[in-house]
């Protein structure tokens, strides 16, 4: 087993600057997601190279649902700590906590908790997944619970990949508050600074771009200050190579009184010499809330659905929203009992 220090508390710290935030001074969710991914990538790459196997780099495969518990502001220090909580033969589960610190008052608060899954890829052959050195568990239950989470995410990734055929088509002269009115796309050429040692895009870079697009969709719909409230599971279906052109597309799927859900997917067009067709690389749902100048939640304009597909997506989004609400209420009741 690697020494405890390699498995616990890999910590990143940095002060939040104006270019990390929106015009209201709230740090972008994508900036936070990028820091979370960096901490996860460091600890899992270190762990995967602690055994006798061949040199490798840990690639992000999935981020479980993560809630943004409170907004972070310019001038605060983000403390990101990571811990390996489960290993299977070919994957590593990392749990990451983000705490913001006001360096003037010393006040600290937890802003995020996230669970990420990494897969180690060989430095010699990028298509080869190498074996992960096992970790030792303090209690047998920890391993059993980890295995259960591993099986659940494996199943969910498979289901998500199967429903991933959709594309976003531009709408001419859309009405305000319709899906077509706020939908947005961003095209990005993948350069060396976006990539890992293996020449594939960092998961954190992709998530930052996804949050940017989702933020534009939310701002167009509301015309107010918006912040990321949560991100549903993000699934990385395929690697994106350096030199690819990626299209990040977002559309509104559901609105409640106080929140809006935006579906975001990333399609990759391989490098000019590659025979491969365009493919769906990443997909996720982002939830945003609208805030007043004082930082208080504002009502969200109702999404107007026009087509059958939009109506179906709205109902599916409503299902996810009610499920999350019920889960949160159950957690609050449990916490009150303890």
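Using N, Cα and C of the backbone, Cβ positions are placed for all residues, glycine too.
Residues near residue 22 (active site) in space but far in sequence (CB under 8 A, at least 6 apart, same chain), listed by position: 28, 215, 225, 226, 227. Among the features that TrEMBL reports, active site is placed at 22 (among others).
According to TrEMBL, the feature active site maps to 211 (among others). Of all Cβ atoms in the protein chains displayed, 26 besides its own lie within 10 Å of the Cβ of residue 211 (active site).
If you look at the compositional bias 'Basic and acidic residues' (309-319), the same-chain residues 6 or more away from its ends with a CB under 8 A from one of its CBs are 179, 253-254, 256, 261, 263, 285, 303. TrEMBL lists 309-319 with the feature compositional bias 'Basic and acidic residues'.
Counting residues 6+ beyond its ends, the compositional bias 'Low complexity' (329-338) has no Cβ neighbours under 8 Å in the same chain. Residues or ranges marked as compositional bias 'Low complexity' in TrEMBL: 329-338.
Mean model confidence of the domain 'HotDog ACOT-type' (6-124) amounts to 92 (pLDDT, 0 to 100 scale). The domain 'HotDog ACOT-type' annotation in TrEMBL covers 6-124 (among others).
Marked as domain 'HotDog ACOT-type' by TrEMBL: 180-294 (among others).
Residues annotated as region 'Disordered' in TrEMBL: 309-338.
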Counts of helix, strand and coil residues, the domain 'HotDog ACOT-type' (6-124), according to DSSP: 25 helix, 57 strand, 37 coil
